[in-house]
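Q: From TrEMBL, here are the annotated features:
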type: SIGNAL; residues: 1-19; note: signal peptide
type: REPEAT; residues: 47-80; note: repeat 'TPR'
type: REPEAT; residues: 164-197; note: repeat 'TPR'
type: REPEAT; residues: 198-231; note: repeat 'TPR'
type: REPEAT; residues: 269-302; note: repeat 'TPR'
type: REGION; residues: 426-494; note: region 'Disordered'
type: COMPBIAS; residues: 472-494; note: compositional bias 'Basic and acidic residues'
């Protein structure tokens with residue numbers, strides 16, 4: 001009976017202690033970090049354990065602590081290529097490019113070296129070949145080291161001819177080096193290894209865009225979308241390509257792709273902006289306005305959206321609604337020349353604010369003294385201020401900048417005729433009430449103003465913007481797109497105004513000539 005009691009006590013103690021040990025061990029399995037840390041308590045001379053703890057911390061974005069464990073792994077096992085690669089990657093994540101390059105170079109030095117004139121076989125872990133890719137990706141940020149980066153990609157390919165990622169990365173680099181034909185070769189070689197990769201077809205489409213072959217580019221975009229219907233970059237850039245083709249038959253498909261894109265990326269203002277541009281092309285002004293406003297709500301300083309919304313208002317007879325939009329544009333971008341021209345034109349023609357218009361045109365000339373349109377418009381302001389001598393001098397300077405512009409020469413002749421007419425009137429006889437001279441002056445001002453308006457307003461152009469990430473098509477940041485064509489009714493209205501302006505010009509010239 002005594003032995004039985006002792007046995008039960010010992011059994012209970014053993015169960016209790018093992019239960020406590022199991023409970024304690026459960027905490028070790030709480031996460032990867034706690035699991036590998038518990039293993040390190042048992043074995044501190046295993047580089048793999050140090051690397052695993054580092055990876056766990058890296059996954060938590062705790063790069064500073066991860067770096068400590070990766071460095072410890074290299075000290076425990078100095079010839080561990082993977083550990084040095086981990087150190088280099090972590091330094092890169094910490095934006096310490098110099099230290100990252102040093103670590104990658106150490107890892108590269110541990111790889112089998114090329115012996116000139118001799119071939120030999122060596123076993124290399126596929127993952128270790130990424131040291132060439134990582135090092136090349138790091139140094140190609142320096143424009144002066146692009147050739148060095150290309151050499152690293154080629155070295156990786158020579159060690160493993162079926163290394164798909166090396167071809168892809170080299171293709172991107174060759175595009176950056178403005179070598180689209182070689183980039184095409186690299187992507188075609190990668191496609192031989194993997195024809196089901198939508199990204200490869202997308203990248204090949206970008207190459208064809210660089211080669212000025214939009215038809216082939218669109219085919220490759222379509223191939224990428226067949227493999228991955230939600231490929232965001234292919235959706236966006238193929239829609240832009242269709243839009244820029246000018247083919248009205250492609251616009252419905254372009255719109256569908258952009259709608260699909262904004263469904264995938266609802267917070268990207270560029271999708272809504274380009275939907276607005278498509279609506280402008282289709283003369284759907286209300287729809288275009290709604291898309292532009294949505295783009296601006298998402299990105300209040302969206303340069304192209306602000307300008308094109310203001311331009312849309314000015315083209316649809318809502319010039320006064322365009323002014324607050326232009327104010328926002330110029331608050332963010334004070335040197336936006338087209339915005340200043342449009343604002344000055346509206347202030348002078350709609351608000352009759354000559355002073356405000358003058359400030360806009362003078363600002364343009366501060367930014368670009370050789371801007372013909374801004375210079376000419378400033379001459380018109382001088383004419384409106386009845387400073388004919390200053391207007392003449394200004395037009396002479398403008399004509400020197402653009403000697404082939406007939407409208408500048410015509411306006412200069414009008415100003416000179418007016419100066420001569422006023423001089424003759426003063427010398428011969430002064431009318432009792434000055435009515436005829438005042439009327440001639442008024443008509444001349446009106447003619448020059450309308451002729452100017454005809455020229456400047458039809459010269460307005462539209463900003464357009466594209467994007468890319470590897471974004472190739474779009475790291476084109478902000479380009480101009482011509483104003484959508486006017487309707488038949490609008491053209492007829494313009495023609496009527498032009499004919500009326502010419503008739504007034506003839507009448508004024510007859511008055512000035514004394515007929």
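Keep in mind that glycine also has a Cβ here, set from the backbone N, Cα and C atoms.
TrEMBL does not curate its annotations; it predicts them automatically.
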Q: Are there residues at least six beyond either end of the repeat 'TPR' (164-197) with Cβ under 8 Å to its Cβ atoms? List them, or say none.
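A: Same-chain contacts beyond the flanks: 129-130, 132-133, 136-137, 140, 146, 149-150, 153-154, 156-157, 203-204, 206-208, 210-211, 227, 470, 472.
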Q: Going along the chain, which residues at least six beyond the ends of the repeat 'TPR' (47-80) come within the CB cut-off of under 8 Å?
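A: Apart from its flanks, the repeat 'TPR' (47-80) reaches 31-33, 36-37, 39-40, 86-87, 90-91, 93-94, 110.
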Q: Count the residues of the repeat 'TPR' (47-80) that DSSP assigns to helix (H, G, I), to strand (E, B) and to coil, and report the three numbers in that order.
A: 27 helix, 0 strand, 7 coil
Q: Could you break down the residues of the repeat 'TPR' (269-302) into DSSP helix, strand and coil, giving a count for each?
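A: The breakdown for the repeat 'TPR' (269-302) reads 27 helix, 0 strand, 7 coil.
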Q: Find the average pLDDT over the repeat 'TPR' (198-231) in the predicted model and report it.
A: 96
Q: By DSSP, what is the split of the repeat 'TPR' (198-231) into helix, strand and coil residues?
A: 27 helix, 0 strand, 7 coil
